[in-house]
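Structure, as structure tokens:
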Amino acid sequence: MWYLLAVSILWGFSFGLVKSEFSDLSGATLACTRLLIALPCFIPFLKRPYLRWTQPNIRLIFTGAVQYGLMYVALFNAFTWLTGYEVALLTIFTPLYVVLAHAVVKRQLPPGWFWWTSILAVMGALWIFQPQAIPAKWPGILLMQLANLCFASGQIAWRQIRAKQPTARDTDGYALLYLGGVLAALPFALLQNPVHELAQLSGSQWGALLYLGAIASGLGFFLWNAGAARVNPATLAVFNNLKIPVAILISINLFREQANLASLLPGLAILLIALGWAEWASRRQATKSS
């Protein structure tokens with residue numbers, strides 16, 4: 001759980017950087033470049049068994065392609081139809097997709113508290129946003145749901161991979177996930193003339209991009225999945241929305257952005273209740289099973 005909390009804080013810094021430094025850079029180029037920077041950070045940890053073309057290794061590449069590559073492509077293309085606020089709002093349904101993906105993988109209905117805690121997490125995020133009605137921009141809305149589903153499915157897929165390889169370390173084959181992400185995002189980036197776009201970046205922008213690639217996307221995605229494999233699916237589902245108020249609090253204090261504390265604090269409280277419920281129910285279930 002502490003991994004997930006640490007990444008929530010880490011990503012809180014990233015949101016402000018993307019907004020302030022890369023408003024003119026196409027989303028596909030930004031996504032692919034971040035993944036390209038993250039990939040070599042994990043190549044030194046790649047063990048020999050992961051250099052072979054085997055089914056488990058293909059599964060790792062495919063997981064990265066879905067969770068990172070396709071998720072980024074869908075997310076950034078949604079900005080064509082949606083505002084930044086609408087994109088952020090439409091990410092709040094990810095907890096439901098986490099529970100749904102878990103149910104599909106296990107081929108059985110999860111306990112009711114899985115659903116109730118994820119619904120409570122959605123309600124907490126809705127309280128924070130206090131949303132107005134979103135116009136029926138269906139291409140953008142559908143792309144955001146695709147992005148949510150890709151990210152949620154990747155988390156559950158990684159949990160399954162780790163469960164089948166209990167003696168392996170998280171870092172052993174993790175470079176393959178970033179390879180999959182690059183392979184999925186690269187074709188979309190090539191449509192945007194990425195060389196020209198990247199040539200226009202200043203030194204400070206390159207510094208920020210290196211941080212986003214190596215730390216936010218590299219270390220952040222890795223620690224998030226490492227945490228995902230160490231908590232129950234309901235706790236994981238809640239954390240997918242708990243990172244929202246954490247990012248807002250950092251933006252308020254570090255980037256001097258404005259936020260409605262009257263909606264932020266009650267929403268955060270609802271999310272913490274959902275988290276506490278998920279942890280309590282998980283431990284109660286474990287006690288009954290032992």
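Glycine residues also receive a Cβ, built from the backbone N, Cα and C atoms like all the rest.
What TrEMBL says about a protein is an automatic prediction, not a curated fact.
On a predicted model such as this, the values are computed, not experimentally measured, just so you know.
As recorded in TrEMBL, the features of this protein are as follows:
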- 2-129: domain 'EamA' (DOMAIN)
- 139-272: domain 'EamA' (DOMAIN)
- 26-46: transmembrane segment (TRANSMEM)
- 58-81: transmembrane segment (TRANSMEM)
- 87-105: transmembrane segment (TRANSMEM)
- 112-129: transmembrane segment (TRANSMEM)
- 141-161: transmembrane segment (TRANSMEM)
- 173-191: transmembrane segment (TRANSMEM)
- 203-224: transmembrane segment (TRANSMEM)
- 236-255: transmembrane segment (TRANSMEM)
- 261-280: transmembrane segment (TRANSMEM)
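No contact links the transmembrane segment (173-191) to the transmembrane segment (261-280), because fewer than 3 Cβ pairs that are 6 or more residues apart lie under 8 A. Taking pairs at least six residues apart, the transmembrane segment (112-129) and the transmembrane segment (261-280) share three or more Cβ pairs below 8 Å and count as touching.
In the predicted model, the domain 'EamA' (139-272) shows an average pLDDT of 89. Residue counts for the domain 'EamA' (2-129) under DSSP, split into helix (H, G, I), strand (E, B) and coil, are 108 helix, 0 strand, 20 coil.
Scored by C-beta pairs under 8 angstroms, the transmembrane segment (87-105) has its highest count with 141-161, from the stretches 26-46, 58-81, 141-161, 261-280. Residues of the same chain lying 6 or more positions beyond the ends of the transmembrane segment (141-161) and with a Cβ under 8 Å from any Cβ of it are 56, 59-60, 63-64, 66-68, 70-72, 74-75, 77-78, 81-82, 87, 90-91, 93-94, 97-98, 100-102, 105, 134, 177, 224-225, 228-229, 233, 236, 240. Summarised by DSSP class, the composition of the domain 'EamA' (139-272) is 108 helix, 0 strand, 26 coil. Counting Cβ pairs under 8 Å to the transmembrane segment (58-81), the top-ranked stretch among 26-46, 203-224, 261-280 is 26-46. Taking Cβ pairs closer than 8 Å, the transmembrane segment (203-224) reaches residues 3-4, 6-7, 10-11, 13-14, 17-18, 21-22, 30, 33-38, 41-42, 67-68, 155, 170-171, 174, 177-178 in its own chain, all 6 or more past its ends.
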